[in-house]
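Taken from Swiss-Prot, the feature domain 'Fatty acid hydroxylase' covers 128-263. Taken from Swiss-Prot, the feature N-linked glycosylation site applies to ASN5, ASN163. The motif 'Histidine box-1' annotation in Swiss-Prot covers 142-146. Summarising the annotation, Swiss-Prot assigns motif 'Histidine box-2' to 157-161. The motif 'Histidine box-3' annotation in Swiss-Prot covers 238-244. Residues annotated as transmembrane segment in Swiss-Prot: 38-58, 88-108, 124-144.
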Amino acid sequence: MGCYNGSELQDLGCSSQLLLQPLWDTIRTREAFTRSPIFPVTFSIITYVGFCLPFVVLDVLYPWVPILRRYKIHPDFSPSVKQLLPCLGLTLYQHLVFVFPVTLLHWVRSPALLPQEAPELVQLLSHVLICLLLFDTEIFAWHLLHHKVPWLYRTFHKVHHQNSSSFALATQYMSFWELLSLTFFDVLNVAVLRCHPLTIFTFHVINIWLSVEDHSGYDFPWSTHRLVPFGWYGGVAHHDMHHSQFNCNFAPYFTHWDKMLGTLRSAPLPESLCACGERCVNSRERCAVHLIQKKKQT
């Protein structure tokens, strides 16, 4: 949509578009790389490893930085090198051997042309949110199916559950079929919505970050589930419970599908995070009641 004199609504749209135009112009100066067949795999690997790296550093520092214990989901667990390297190796192997040929085939058939204009900010944000909700729905159905059908679980999903305690690099420790399914849903949604390339980049970055955060093993005050109100978002402790109990919390991000199907289970509050100030292992809701009772006693 070009910017021209018109209604106030059109002017507002142009203003929000102009907010993103400098960023989009910068990306377009590197169009030769962004349109190359190696870009999707390179972008995915760098983004994923880049998001995992801070948590790997925290795990290395954890024994010598006591304050980190307050935010660790499993205070007595820290991944070893023997756990980290196979996870990283499997991610690199699958992206290079399986994902790259698929993206190469797509590039040969339909090389993308980058538009000159950036998307409107409201459009970008709304499309990213819709893509996240669609992805959450699709993975919930896929995930539930692969837990309810024993053959599917043993053949395709069991690999991801080999690490019962979460850590960042275990996020993509999965079978090729599971990685292919996630990639398919990831690409399908942006294609159906005909998203702008900048929206696609943004969605992929956010999606990778949320998945890494869910497996990071750390629950910080700025974690996503603390920023989203009304318990709509599960978060790291929520997903960690799925890894420990298997029969609950199947949605990757949001909680509405698990609520509707009765598979939602409140995440236990780690001892070091308890708001009541004691070494409590109650759920978040019960801990809130515990805290109120403690205030009344004082």
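All residue numbers here begin at 1 and follow the chain in the order shown.
Using the three backbone atoms N, Cα and C, a Cβ is placed for every residue, glycine included.
On the 0 to 100 pLDDT scale, the motif 'Histidine box-1' (142-146) averages 97 in the predicted structure. Look at the motif 'Histidine box-3' (238-244): DSSP puts its residues at 7 helix, 0 strand, 0 coil. Taken residue by residue, the domain 'Fatty acid hydroxylase' (128-263) breaks down under DSSP into 95 helix, 3 strand, 38 coil.
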